[in-house]
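The feature active site, nucleophile is assigned by TrEMBL to C472. Annotation source TrEMBL lists S-adenosyl-L-methionine binding site at C349, A350, A351, P352, G353, G354, K355, D373, D401, D419. Under the heading domain 'SAM-dependent MTase RsmB/NOP-type', TrEMBL lists 257-533. According to TrEMBL, the feature region 'Disordered' maps to 24-57.
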Amino acid sequence: MPSLPQLLSGRILHFAKLSATSSSESNSSKQVKFPKKINRNSATSVRRADSGSPLRKTQKLNLEVSPHRAVSAVRLMRIELGGAFADLLNEQGKGSGDNEMGYVERTLGFRTRDLDDRDLRLVTEVVGGTIRWRRYLDHLILSLCHNERTFRSMEPLLVQILRIGFYEITKLDMPPYAVVDESVRLAKVALRPGAGNLVNGILRKLVVLKESDSLPAVKVEGDDRQQARGLATLYSHPVWMVRRWTKYFGQDEAIKLLTWNNSCPSFSLRANTRKGLTGADLVSRLKMLKVPHEPSLYLDDFVRLKTGMQNVIQAGLLKEGFCAVQDESAGLVVSIVDPQPGENIIDCCAAPGGKTLFMASRLNGKGTLLAVDINEGRLRILRETAKLHQVMDVISTIHADVRTFSTDKVVEWDKVLLDAPCSGLGVLSKRADLRWNRRQEDMEQLKHLQDELLDSASRLVKPGGVLIYSTCSIDPEENEERIEAFLLRHPEFDIDSVNKYVPENFVTKRGFYMSNPVKHELDGAFAARLVKSQ
């Protein structure tokens, strides 16, 4: 299989050689309006096919613009302006790629040819990489503009075209002048000739500087604040995150974490044993699909993938419920819950349900698992997935806020899992967009919410029962500090060390579970196991 730069290079050169072609086909979609001007000259025109017939649209099919580039630009706009998640293609596969062409047409005013499997891989790489490196890319673009005002006044689409071009040239080492040619073509067709001229001038400056190894440098010097700003630009993260991690982990460890977050993420699959599929069976299926994989070092039914997720999706393994996408760090939290057949367990913030489904499979048809969540739509998805995974025999769901639910119920449970809403700072390698959506002010609000949820969840634990608090964060204030504060308020609970449930290198000095992205090559996660006195 060709490397990604080769794949991208071949794709760009192929489209650069195509002549302008157009054809028409029917579609009733309407053009979407964005804050900045979208060129209307290439928009679809409306005509009447014949007397008395409904209006039909004549679509403009443009084969000059590569589909992966058009889709990437539009998807980046949707993510930044609010309306899409960066990992949608990974989760939904080719179908979502087909749907993406509708967004392209409504936004740009023309269609490209449909996405194929290679295009989907390119979109995933370009979109994810451009989002990760956004701050650094903007630093380069701003450095090459005549002035800051030029950059700040650009249309959203023009900014995304430049970011994609800068990413492909500086981070993917693609043939630079092919990138320039294709970027200019997209800007001219989707916006206006002047936009193409601007893209041409800026990207050509970039090429000259890169070839002479003289890209605008990022200075990491001065006092703590200045160094944090430099690191934030160099590694493309918000300044507040860099300062926070430097404070808690030291600069060297913070840089390792920043580097990890910018690396290509791996994914893990959990075999669904309730449908008779073991980890070994899943490995056999992956071998048949020729998907590179390796077994988990920590969990029997988990397999790790670096590439090939599209093949898994298209083979139907997820759609048919034979396996689920679940990071091993989340699987280890379920190991800490240690569900046993016959137990009564409540999952207080259950949706979208990854841990719920895994716990249900461990009950093996015996016991009760109540899934509570405040989001009714996500709870509905959980029920549908539970049916697919054949674990509804032990699962029941309640649409409720656990803070209210816990005051109305006198039922006490063997085990209570609170997988609390959190910053998600442990999963930034997979959720590239999250680093730009999270704010420092969120942290205080989340801590307050986590304390309220912990107090509420504790009321549901029977004497001698277990409360498990977990997050997908690496932040001490969301993790250890929340538990220490909870224990001061609730002396009836004691820490039960997790060393009986997970490998020793995940256990902290206080007996908590912590997965470190750099150390363990997993998502960052935390869990504490607390026992209520008899």
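Glycine is treated like the rest: Cβ placed from N, Cα and C.
Automated prediction, rather than curation, is the source of TrEMBL annotations.
Keep in mind that what you see is a predicted model, and the values were worked out from it rather than measured.
Distribution of TrEMBL features across the structure.
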{"residue": "C349", "record": "S-adenosyl-L-methionine binding site", "Cβ neighbours (10 Å)": "20"}
{"residue": "A351", "record": "S-adenosyl-L-methionine binding site", "Cβ neighbours (10 Å)": "23"}
{"residue": "G353", "record": "S-adenosyl-L-methionine binding site", "Cβ neighbours (10 Å)": "26"}
{"residue": "K355", "record": "S-adenosyl-L-methionine binding site", "Cβ neighbours (10 Å)": "22"}
{"residue": "D401", "record": "S-adenosyl-L-methionine binding site", "Cβ neighbours (10 Å)": "15"}
{"residue": "C472", "record": "active site, nucleophile", "Cβ neighbours (10 Å)": "25"}
Notebook entry, point to check: What is the pLDDT of the domain 'SAM-dependent MTase RsmB/NOP-type' (257-533) when averaged and given as a whole number?
Noted result: 95
Next item on the list: Measure between the Cα atoms of every pair in C349, A350, A351, P352, G353, G354, K355, D373, D401, D419, the residues the record assigns to S-adenosyl-L-methionine, and report the largest value in Å, rounded to a whole number.
Entry: 19
Note to self: Distance check, please: Cα of D401 (S-adenosyl-L-methionine binding site) against Cα of C472 (active site, nucleophile), rounded to an integer number of angstrom.
What the structure shows: 20
Check: C-alpha of G353 (S-adenosyl-L-methionine binding site) to C-alpha of C472 (active site, nucleophile): distance in Å?
Finding: 14
Item checked: Between C472 (active site, nucleophile) and C349 (S-adenosyl-L-methionine binding site), the C-alpha gap once rounded to whole angstrom -> 13
